[in-house]
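These come from TrEMBL:
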- H42, L44, G69, E90, D118, N134: S-adenosyl-L-methionine binding site (BINDING)
- 49-219: domain 'Ribosomal RNA adenine methylase transferase N-terminal' (DOMAIN)
- 1-21: region 'Disordered' (REGION)
Amino acid sequence: MAKPARKNSHGVSKADPYAGAAARKGKMSNNIFKMNTDIGQHILKNPGVAQAIVDKADLKQSDIVLEVGPGTGNLTTRILEKAKKVIAVEQDPRMAAELTKRFQGTPAAKRLELNLGDVIKMPQLPYFDVCISNTPYQISSPLTFKLLATSPSPRTCVLMFQREFAMRLFAKPGDKLYSRLSVNAQMWAKVDHVMKVGKNNFNPPPQVESNVVRLTPKNPRPQISYDEWDGLLRIAFVRKNRVLRAAFIGTNSVMDMLEANYRTFCAQNDIQVDDGPLDDATAETMDVDDDVANEDEWDGIMDVDDEDDLPDFFKEEQAKQAAKRQGNPNRKKKGKVAELVRSKVLKVLEETELIEKRARLCDEGDFLKLLYAFNTEGLHFA
């Protein structure tokens, strides 16, 4: 009678030389690869939460759905059960491969379009009716602005965000979290809170709690230029605790940008401008006064999106401004157009009675009034 095969300490029979390899392979299949949390990879593992997110999107059989960061497809599967097509945008090639494998050979594969790349760097989003996203936290702000600027607007967007970021979408004037994001979101969409999602519903668990929100773009869309509107808000919220007089008159780069845009406006509308130089005495009064620029003590609160979304003209002017402060003898003197633009800015701020108001206390109506007054004077932000 043959002796039974001996087992080692791991319970694997020595008579089967492949058993150990099979066990190792099974273990590896449960851990395909290490998640890259640096780019916000936290897979939603709770099927109940995933189903609730899809249900809140109120999908139709004719819908094309944009899914940002599909991961391994836990949301994708449920979306494909209800929608006509899913356009998934995934940055990680490993995740994209897993998603492809999951649907390979299934009827749903024909209705899944996978785009490998960074959704923020896409010049234009493809047409879609609904956006659903377990959003990588690092792109929360730029993705939100990109969706709000999309035209034609989607019917709805159901998005998972870090809890504090989600709360910014609801913030009101005077709240600590009130920001450019708050004003933009509430200007272009109706914002609804859907649910709270604990960190243990993800693999690996993030360090923060999450919220699901629903953005329903306003229909009809507000009849103003998104770029103009957002350009104004970018300036106002660079330091939201400064009065608007300091944000505009007290910032050389802002005045230079407005002057350049005013020259373009005049050229496009055949308006003649006196481009002569100012006398030294007048030019001296136009230099930004440090007391004006710094009179409002900043309490250190900066919007999460401010640093990344700082207007380009601020960045481009930094070296130039440093040179001016050091007394660069080749600095360009201000001309009559610059003085005209400065007087127009002062006129707008005084007539709207917002000259001494801080951005954090201004509501949507204040910014609309400000934008209309600037545009009436031929001053534009885009």
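Cβ coordinates are placed from backbone N, Cα and C, and glycine is handled just like the others.
Here the domain 'Ribosomal RNA adenine methylase transferase N-terminal' (49-219) has a mean pLDDT of 96 out of 100.
Those residues noted as binding S-adenosyl-L-methionine (H42, L44, G69, E90, D118, N134) have their most widely separated CA atoms at a distance of 20 Å. Summary: among the binding-site residues (H42, L44, G69, E90, N134), the fewest other C-beta atoms within 10 A of the C-beta are counted at L44.
Taking a C-beta cut-off of under 8 Å and a sequence gap of six or more, D118 (S-adenosyl-L-methionine binding site) has these contacts in its own chain: Q91.
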